[in-house]
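Visitor: The GTP binding site feature in Swiss-Prot is assigned to 225-228, 367-374, 411-415; the stated evidence is sequence analysis. Taken from Swiss-Prot, the feature compositional bias 'Basic residues' applies to 1-14. Under the heading compositional bias 'Basic and acidic residues', Swiss-Prot lists 15-26. The annotation compositional bias 'Acidic residues' is assigned in Swiss-Prot to 550-584. If you look up Swiss-Prot, you'll see 178-418 marked as domain 'CP-type G', on the strength of sequence analysis. Annotation source Swiss-Prot lists phosphoserine at SER32, SER33, SER34, SER51, SER68, SER324, SER561, SER562, SER563. Taken from Swiss-Prot, the feature phosphothreonine covers THR48, THR50. Summarising the annotation, Swiss-Prot assigns region 'Disordered' to 1-81, 547-607.
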Amino acid sequence: MPRKKPFSVKQKKKQLQDKRERKRGLQDGLRSSSNSRSGSRERREEQTDTSDGESVTHHIRRLNQQPSQGLGPRGYDPNRYRLHFERDSREEVERRKRAAREQVLQPVSAEVLELDIREVYQPGSVLDFPRRPPWSYEMSKEQLMSQEERSFQEYLGKIHGAYSSEKLSYFEHNLETWRQLWRVLEMSDIVLLITDIRHPVVNFPPALYEYVTGELGLALVLVLNKVDLAPPALVVAWKHYFHQHYPQLHVVLFTSFPRDPRTPQDPSSVLKKSRRRGRGWTRALGPEQLLRACEAITVGKVDLSSWREKIARDVAGATWGNGSGEEEEEDDGPAVLVEQQTDSAMEPTGPTRERYKDGVVTIGCVGFPNVGKSSLINGLVGRKVVSVSRTPGHTRYFQTYFLTPSVKLCDCPGLIFPSLLPRQLQVLAGIYPIAQIQEPYTAVGYLASRIPVQALLHLRHPEAEDPSAEHPWCAWDICEAWAEKRGYKTAKAARNDVYRAANSLLRLAVDGRLSLCFHPPGYSEQKGTWESHPETTELVVLQGRVGPAGDEEEEEEEELSSSCEEEGEEDRDADEEGEGDEDTPTSAPGSSLAGRNPYALLGEDEC
């Protein structure tokens, strides 16, 4: 018997790599040269994410994979509704990396921040959303699902046939998630479309507006959420923009954590988070406006007096809690009934449905990921009933919540509609899970060309010997300078971890601590008019009246917006557990009418 030859761990690792590459039909050694963190993440993702029948001719990348040993006790698959996006090609990723290293960033004008919805979605084009095909009660479940799959494939084929991958944005390729939207629209009497006030055009697909108000004949309420993250003048300008272009809309301003914009704050608070205690959800700005909109829509067909009484109880409870100076327990009022919908509830209903059945109005909450749908429901209920997370795609199936005996809320998972938005903007909008981005550097460059990130964070150019000298910046330089400032180092070689730094900067932008707000067309020319508008003054007063009063604690964040400390680490955006606590980023300071200055962030010695 021949003597056994020594076989090192390095040789074994190389053997396994070659075996995997042969299985994928790739050439031996194609990826052995890439040993960076991003390269290892890409190799791992490509081993787990492959193309399947849900794509036409394009590779699909599945995000938010959950560990599962099969179906749960109720037959629920945790990966059924995960995000499905088209995968960026390796050549495209490498091209963007080179551009991030070489392209010098130039600041853009204020007019570039103005977004026109007609350029984003091109109403009337194939950039639509899939509709449920016609069906009848004579069809079996298998026939119906097969018909829906064929229709969905045709829908994807039309879009990819009309636009190249470079022009298209990320959008949902998972049919199961679109089925959730169909069911929610069929169940609803009123549809809430929740958008982020920093970029509401991104979250407002005109095709959905036409379908809901036209074909379904339902009322659509546009909720401009997170209004505490934008100047009041900009909020009012967006409100009038949507009223002008979509007259059938009911526009409501909302935020779960209102803040008085007249209150000065510490500019160094970007590195701190504000922990809200007790009755934080009961101070939401907007439930009263939403109630008035629903009363105007139902015109007395539903008794909403119980909802008005609940709002009054929440306001009184919040006021009493402020005066006591103690942390309060959860509301002892009527419990909120939560119903998780099963597969049988997902089956289509009849072509005609009784409106306001049994005196109950059903309000469907739809929108893009990470716009705050779950937080809005918590704000309406007055306490935490829905798990929330910074990770887009956190809501995996729709649930119903009885706000009062006559008001039922329906929470739908976030959906990304097809558009022509730059993918970097989608990343900054929180649509794509940051921890799973293959190439985050161009998104950082997109941000830095629109707000002065280098000056705000007091970054020193990595090649600068004289701090006072001017040096051209590229996206890679910004990431390297932030890694040096924060002490982000790779594990073995102790080099600046630019991937982690880019991840950190993107989280600052998504959280609103690096605030990038887009404007409606013509806002730059009429900015003074909007700042002196009566509704702007009214909004400032309203925010000051319902803002938090002494129930916040600030704690410094040790590891700010970091992720991927080791290979194989998954997304660490944990749910905000705890019934009465909520961690939110502390806003930056500002003026009374124009809003806080979103760019006053760090002092030189803060980190």
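Glycine too: its Cβ is placed from the backbone N, Cα and C atoms.
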Visitor: If H, G and I count as helix, E and B as strand, and all else as coil, what does DSSP give for ASP411 (GTP binding site)?
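Guide: Looking at the DSSP assignment, ASP411 (GTP binding site) belongs to a strand.
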Visitor: Tell me the Cβ neighbour count for ASP411 (GTP binding site), meaning other Cβ atoms within 10 Å of its Cβ, over all protein chains shown.
Guide: 26
Visitor: Can you count helix, strand and coil residues in the compositional bias 'Basic and acidic residues' (15-26) using DSSP?
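Guide: The composition, in the requested order, is 9 helix, 0 strand, 3 coil.
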Visitor: Under a three-state reduction of DSSP output, how is ASN225 (GTP binding site) classified: helix, strand, or coil?
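Guide: Where ASN225 (GTP binding site) sits, the three-state DSSP reduction gives strand.
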Visitor: So how many of the residues in the compositional bias 'Basic residues' (1-14) end up helix, strand or coil by DSSP?
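Guide: Summed by class, the stretch gives 6 helix, 0 strand, 8 coil.
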Visitor: Mean pLDDT over the domain 'CP-type G' (178-418): what is the value?
Guide: 78
Visitor: Here are some binding-site residues: GLY372, GLY414. Which one has the most Cβ atoms within 10 Å of its Cβ?
Guide: GLY414
